[in-house]
Amino acid sequence: MMLSPGTIIFRLILALILTGFIGWERENHDRPAGFRTHILVGVGSTVVMIVSFTMSILYEPVDPDPGRIAAQVVSGIGFLGAGTIIREGFSVKGLTTAASLWVVAAIGLAVGVGYYNLAIFSTLLVFFTLFFLNRLELRHTSSNIKMLDCRIRDMPGILGQLAEVIGEENINIKDVVVERDKLTNETVVRFDLKFSEESDINNLNKSLLNIDGLIEFKWY
């Protein structure tokens, strides 16, 4: 049985609302793939699923597989998701946005095939994960993350010494930014550090004071 124009329009609008809901959350966090991108991916996936379903009806004697075209959406979305992943120093950003693009593609396919309850419930779960669990994660990790600014002289091996004393205290270096102060001809190194339960900031301060070439350091 062919889909009526009303059913097709309803599925497209539902896909727009559900995927736009997720895209709105990403847009509020200034992610590279935001409101419009998520809508385009979701609605596009719905269109692909509707076309696949229609082709299976039109060529019914041949018994075509309606999932073949739809399966290409799942693999093809990886190229779009890869464009949102950015590597900065030792950190990688954009993985959550790439995953959300993959999920909205799946939601679009669910809407296209008529699994409305699955699509709606999945959207609520995704929004809960992105919005509420993100806040919970920030509460848990904010107390364990600190920034350390080190002003150093241009000496061989000093960066290695800094990394070594930080590692000795079981502190994970999440990111490093190195800037040159042209006025003083000194180098400023900023570390984003994640502390573990075994980390001792007092021991680290003592070790930093013993590094030759370290002019000063500040915690933020």
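For all residues, glycine too, the Cβ spot is worked out from N, Cα and C.
What TrEMBL says about a protein is an automatic prediction, not a curated fact.
Taking TrEMBL as the reference, the stretch among 94-112, 132-150 described by the feature transmembrane segment is residues 94-112. Sequence-remote contacts of a segment are chain residues at least 6 beyond its ends whose Cβ falls under 8 Å from one of its Cβ atoms, and for the transmembrane segment (37-57) they are 1-3, 8, 11-12, 15-16, 18-20, 22-23, 26, 64-70, 72-73, 77, 80, 100-101, 104-109, 111-113.
Among residues of the same chain six or more beyond the transmembrane segment (6-25), those with a C-beta under 8 A of the stretch's C-beta atoms are 33-39, 41-43, 45-47, 50, 100, 103-104, 107-108, 111-112, 114, 116, 119-120, 123, 126-127, 130-131.
Residues of the same chain lying 6 or more positions beyond the ends of the transmembrane segment (94-112) and with a Cβ under 8 Å from any Cβ of it are 11, 14-15, 18-19, 22-23, 26, 31-33, 37-38, 41-50, 52-53, 70, 73-74, 77-78, 80-82, 84-86, 118-119, 122-123, 126, 130. Averaged across the domain 'ACT' (147-220), pLDDT in this predicted model comes to 87.
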